[in-house]
Amino acid sequence: MLAVLRTPLGLSAAALLLLVLALAVLAPIVWGAQATAVDTDAIQQGPSGAHLLGTDALGRDLLARTLVATRLSIGLALLAMLIGVAVGTVLGTAPTVLPRRTGRLVVAVVNIAVAFPGLLLALFFAVVFGVGTTGAVLAIGFATAPGFARVAQTLSASVAGRDYVAAARIAGVGRLRVLVRHVLPNIAEPLVVNATIGAGAALLSFAGLSFLGIGVQAPSYDWGRLLGDGLNRIYTNPAAALGPGVAVVLAGLAFNLCGETIAAALGQRTPLRRLLSRRPTPAPAATGEPEPAGAVLRVEQLSVRFPTAAGWAEPVRGVTFTLGAGEAVGVVGESGSGKSLTALAAARLIERPGVVVADRLEFAGRPLLSTPERELRTLLGTSLAMVFQDPATSFNPTRRIGRQLAEVAQEHQGLGRRGAFTRAIERLAQVRVPAPAKRAHQYPHEFSGGMRQRAMIGMGLMGTPRLIIADEPTTALDVTVQRQVLRLLDQVRRDTAAAVLLISHDIAVVAQTCDRVLVMYAGRIVEDLPAAGLTERARHPYTRALLAVVPDLAADRDQPLGVIAGRPPEPTALPVGCAFAPRCGFATERCRAADPVLASADDGHRVACWHPVTDGTAGGITRRGAAPVSRRREYADE
Ligand SMILES: Nc1ncnc2c1ncn2[C@@H]1O[C@H](COP(=O)(O)OP(=O)(O)OP(=O)(O)O)[C@@H](O)[C@H]1O
């Protein structure tokens, strides 16, 4: 929050708001008497040294009256806002608590109310509640409520669908309690931001009602009334209208800027700059990384960091690897080891507040971290293909598959609508989607999971891909379709000489499909080795363990499946030394004291371990019923 206050936006918001609030408190005390003092000798005067904004019909000083009106104007606007927020929140969250039919009725009422312009509603309520201050406050409060109700409804509906709410419901927690305990605390922040910005709007509405004569009534006065009086004399003394007008604008601005500042502070809870100065200890630099000729992707000391309440989390630490043209490299590791983030960083898909740092991050010879956004979009749009895990969410459900594929060619290759669609059909045929001309006109839901994944690969082929990143592309598919998709990826690689980065938690899949395997653990590459002869060559105890726990057809089905005992560390709580040491049967004091460098073991093989395994053991890992390591070879080479 303090960091945001130090930005120009935060500073202006804080200064303006302080000024407005100070005036609201002090002005009636300091200028109260002057504002009501009638001077019949100075009636309706223009600006002068004694009266900077001139005087009104009773000779009262207009500047003093404008300053004194701050309290009433701000107070009433805030009161109206409070009513709006309270009524809006109740209406918005009611569907979560009420029986379904009544809830729907409330939603319908809110939808109808939202359709009416706010000021029209305020006028309607002002007539209902009667002319005067109370009526105006209620009118504006009720007029702003539908907008809030809509925001609260959307927010609470998204929270109500979360697993923890479902869990609370299953546990028998009552609806009202779920609302108070689980829903409200999770929607409070955006509501506060909206309320602060809304206070500015309420101020304007209030000034509007008073200006129209249905708000504050004489002898009370707010900025709206002063503005109304001033406008009657606009040609003789423009300053009389200008003063309250400027006050309304400045106070409205103060609330709006304040809302924006709170939003910025909430979106960036952790003072980024302070956290950045506390950089995490860098992972030891890798050495002896083989550099294939014509490298498509070069990654050196890549780290991905996220600010958390406890400081920086670094789920990817000092990752170094190179991907040659036509090479297929698999990335394996348990859930949370940083595989996807590494791939996302390579595709420049890490969003703020995530931070990507690297000594080198080059794709097709271009530095990704310094290439301008526009050039980057063209480069990645034509040369990089991504295949995601869930084929159900990879495509926009409202657009035909063919059109989605064609968009790539239209955007980046300057093809016309028809030409791009024809190419889309060709690409669907290339990825063996049956009846491609017909299928191109279908929507994603009309495709099976495997077919969608193939269409996704086809989308990558719309350009001239040099790298295909496939992040768990077969996890959501059944085994036979898995094989088809993997074969297709392999075929595409051979046809186009594109490099493939295949992310998987299944080391057997990777061993079958790739030339090289990168094994990740707690954000680091712990081993980089050729896929051929993986089982004999694996040196890191973690790789051995991953291989040992793969079940195969020859495994004894009476025995429980193999497991690696323990859990990987959280990115925010990495142990000193080797992160795998707490789970490793070979760990010594040295492992617990210092993180080993990823160093060349032999040709094309790197391992980060103080005690690399050289015999056929499973790395000293607790194994329950896993097949012997030597048997893995048959599976991998199958
Ligand atoms: N936006 C984020 N903010 C903070 N932490 C994140 C963010 N995205 C990922 N992480 C953390 O980074 C770690 C690595 O995530 P990543 O998705 O790369 O793992 P993974 O190896 O691909 O796992 P999986 O196989 O489950 O997809 C996880 O602990 C995750 O909680």
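Glycine is treated like the rest: Cβ placed from N, Cα and C.
Nobody curates TrEMBL annotations by hand; they come from automatic prediction.
Feature annotation (TrEMBL): of 163-190, 191-218, the stretch labelled transmembrane segment is 191-218. TrEMBL assigns the feature transmembrane segment to one of the listed ranges (238-266, 499-527), namely 238-266. Of the listed segments 72-93, 578-599, TrEMBL assigns transmembrane segment to 72-93.
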